[in-house]
Every structure is written in C-alpha cells, then in structure tokens.
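Features reported for this protein in TrEMBL:
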{"type": "DOMAIN", "residues": "29-292", "note": "domain 'DUS-like FMN-binding'"}
{"type": "BINDING", "residues": "P31, M32, V33, Q85, H184, A238, R239", "note": "FMN binding site"}
{"type": "ACT_SITE", "residues": "C114", "note": "active site, proton donor"}
Amino acid sequence: MIGDIVETKQCQLKDPMDLFHSGQVVKICAPMVRYSKLAFRTLVRKYSCDLCYTPMIVAADFVRSTKARDSEFTTNKGDHPLIVQFAAKEAQVLCDAARIVCPFADGIDLNCGCPQRWAMAEGYGACLINKPELIQDMVRHVRNQIENPRFSVSIKIRIHGDLKRTVDLCRKAEATGVSWITVHGRSVEERHQPVHYDAIKIIKQSMSIPIVANGDIKTLKDAENVHHLTGADGIMVARGLLANPAMFAGYEETPLKCIQDWVDIALEHGTPFTCFHHHLMYMMERITSKQEKKVFNVLSSTSAVLDYLNDHYGV
C-alpha cells in the first residue's frame, strides 16, 4: 500500500467540489463492501465515472491497526478524485482517520446510511440519522482539524418516515460545513421497496449545498431520469455499475472491451481470484445464457477463467 500511496503525493489532486460546480451531473461510483476497491475504481474511471468512493472502513480499526490500513486502503496517482468512506461514532476517531488519508484522498464521507444489523448495533451507519448533533460534532471536528480547505467532508444518509426530520438533519449538517449530502431514498426498514425520489427532490429544494441521489439506478437512462425527477447534482450508482462498469459511458450492457480491460487491470493489481471472478460474474450476467453461467460461475482458478474467456469471447 505505502509504495502506491507515496506516488500519490506527487500528483495534483482534483477537487471534487469543482465537479459539482461544473454544470454537469456528477457520475459517482458508490462505496461497496469488497467491490469498490482500487482495481474496480480504475476500471469505471475509464468509462466516464467522475468520482469514486472506497468501500466503508471502520474508522476505529483503521486508526488503531496498521494491518487494517494496509488491507482496507490502497490507492495510486490515477485514483482521483477519491472519497474515503468511514463508519464512525466518535468525533476524534473520525478526525484521526481523516488525517491519515488526507494526503492521499480528496475527501472523506461519513456513513449514516448503512442499515446492516451489525453496524446499527455498534452505533454506526443509519442509526446516526437519529443523532443529528453527533453528526454535526463529527463534521465540525474534521473541518477544524484538517488544514486543507479543499478536502471535502460529506455524509451519506437514508431518509426518515417523517421527511421533516431528514430535512432538519440535512440543514444542521449544512450549517456545520458539510460539502455535499448523498441521499439513499429509502428508510432504514426499506430494502427492495421503490425509492422515494420525491423525497430526494424535497431535500434538494431545501438545501444550498449539492445533493447526490442514490438508489436503484441501473442504466444511464435511469441516471438521467432520476436527475430530472430530483434535480440532484450527482448520481451515485452501486449494483448498476457492478453489472455494467461501462454504464456511465452509455453502454446498455458490458462491452467485451470492458471485460478485457477488467482482466488486464485485475491481473496488474494482483486482485484476489474470488474478487476477480465475482466481478466477471456480475459483468457477464446479462450477456451469458443460463447454461454458460452454470459453467462459468463454478470455475475455480484464474487460468480457468482466462481460458474460458479466450475460448468463448476471444478475450
């Protein structure tokens, strides 16, 4: 990790806030556990993705353990603009984590949206939307202690049943200096229910900082529709990009060129086999038959996967 990171210091970091003021909708790769790592970020950046997030990292572990830092956070000089997403519940711990990544990233994001039981039980993620003062405290600490004024501090939230509470939370966060807010348009209890884009629109109309819309965006057309429905300044995509990393470049399904690019990038980065294979399973979901999936999904080595791609797709 450190070898990769040292190069980064030399490069000119791009400012994510400039993206939001460019007049274009900002196209964003979501924080995805296990998936939005350096190799995948490198791939989506080749296909018109403007801004990438790391997977969520538990700030306390990151601050305490060198091993956690080395395994959770890898970057290089092409990996910008980059937002590191943290799970945290204590202001100083978030600050310490932000200070560590500040020379190598363009901002941090506080996860206030993860609905998983373990995160909520630990006081992380979506339970924070019921603690606006704690969010304010954490944002204020980072703002006061990070000297770089261009380093962004954002939050990612879910919505309350009573939207007035969400608007109040967002206003409080804005008053404390949050750079932008990503809104996943579902409540903590909702999983596969339709996304409340109307709620994101109301939040957008109530704020003067950029708002990013998130939830159920699978194609570039979806992204354009959600932008028109909500007025959001950015569109964040998770599963849609896993299924088609070239989505933001306007491809309806993963082109073979993108699969070839993934193979090249993953091998260059030494991506572990399971991760390498899982990404391909997602990317090829729409372009393979049931029979092909049965064969491809049980391949158990990089060489077997490479042989399969070569024989069937000329990749």
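Here the Cβ of each residue, glycine as well, is placed from N, Cα and C on the backbone.
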For the binding-site residues listed here, H184, R239, which shows the highest count of neighbouring CB atoms within 10 A?
H184
Taking the Cβ of A238 (FMN binding site) as the centre, how many other Cβ atoms fall within a 10 Å radius?
20
For C114 (active site, proton donor), nearby residues of its own chain (Cβ under 8 Å, 6 or more apart in sequence):
M56, A87, M120, Y124, G125, A126
Relative to the Cβ of V33 (FMN binding site), which residues of the same chain, six or more apart in sequence, are found under 8 Å away?
P55, M56
Just counting, how many other CB atoms are there within 10 A of the CB of P31 (FMN binding site)?
25
Long-range Cβ environment of M32 (FMN binding site), under 8 Å and at least 6 residues apart:
P55, A238, L242
